[in-house]
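Annotated features, as they stand in TrEMBL:
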{"type": "BINDING", "residues": "HIS80, HIS82, HIS126", "note": "Fe cation binding site"}
{"type": "REGION", "residues": "172-191", "note": "region 'Disordered'"}
Amino acid sequence: MTESTVAGATDVAVLNDLPARTLTRPELRELVSAIADDPAVWQQHVAYDDEHRHYVCLHRDANVDVWVLCWTPSNDTGWHDHDVSSGAVAVADGEVTEHNLVIGSAALEVRVPAGHSFSFGPDHIHRMTGVAEGSVSIHAYSPPLWRMGQYAISTTGVLRRTSVSYADELRPIDEPFPDDQERLRDAALHP
Ligand SMILES: [Fe+2]
């Protein structure tokens, strides 16, 4: 992460007129689409980094947080969930890919170009990667992100969840766990 502070006081109409409650998925999608359509809101926060994804919090209150995320083709969130939050993503510039985990076969990949959006509930597990250089997406979550689940798939295919803070940079952690071989041996000894 190269920047995480909430951007200065907002004068964005759509952010000053939010309901004082948890937002629905359609409301989140409408919110991110409105912001994506207004480059004056997010353009000054755009920067790119192949090593550490660049993102800035545009707004955070008790009910919703809104972020601008910048993507290069090297950027990858790894598999994650959003704990109790629903969310929506609108691509403002370029193109990103949303990956959906499928047990036993290759992940489903959906390319999302500028001008398109999607939403998801707390049950959703996904991974996002940049496609085009210079891509930008707007994300909103309600309730606001606090904890998230980051998933690792070991070399033996075992899936594990790690709870991380919303302030941590999500990144792939698909590395072998040191105790995998031990677990396999134990399973063989004690079927
Ligand atoms: Fe996500």
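Each Cβ is built from the backbone N, Cα and C atoms, and glycine gets one as well.
Whatever TrEMBL says is automated annotation, not expert-curated.
Positions of TrEMBL features highlighted on the structure.
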residue: HIS80; record: Fe cation binding site; Cβ neighbours (10 Å): 22
residue: HIS82; record: Fe cation binding site; Cβ neighbours (10 Å): 24
residue: HIS126; record: Fe cation binding site; Cβ neighbours (10 Å): 21
Notebook entry, point to check: DSSP on HIS126 (Fe cation binding site), three-state: which is it?
Noted result: strand
Margin query: Using DSSP and collapsing to three states, where does HIS82 (Fe cation binding site) fall: helix, strand or coil?
Written below: coil
Notebook entry, point to check: Whose Cβ lies within 8 Å of the mean position of the Cβ atoms of HIS80, HIS82, HIS126, the Fe cation site, other than those residues?
Noted result: THR77, TRP79, ASP81, GLY87, PHE120, HIS124, ILE125, ARG127, MET148, GLY149, LEU170
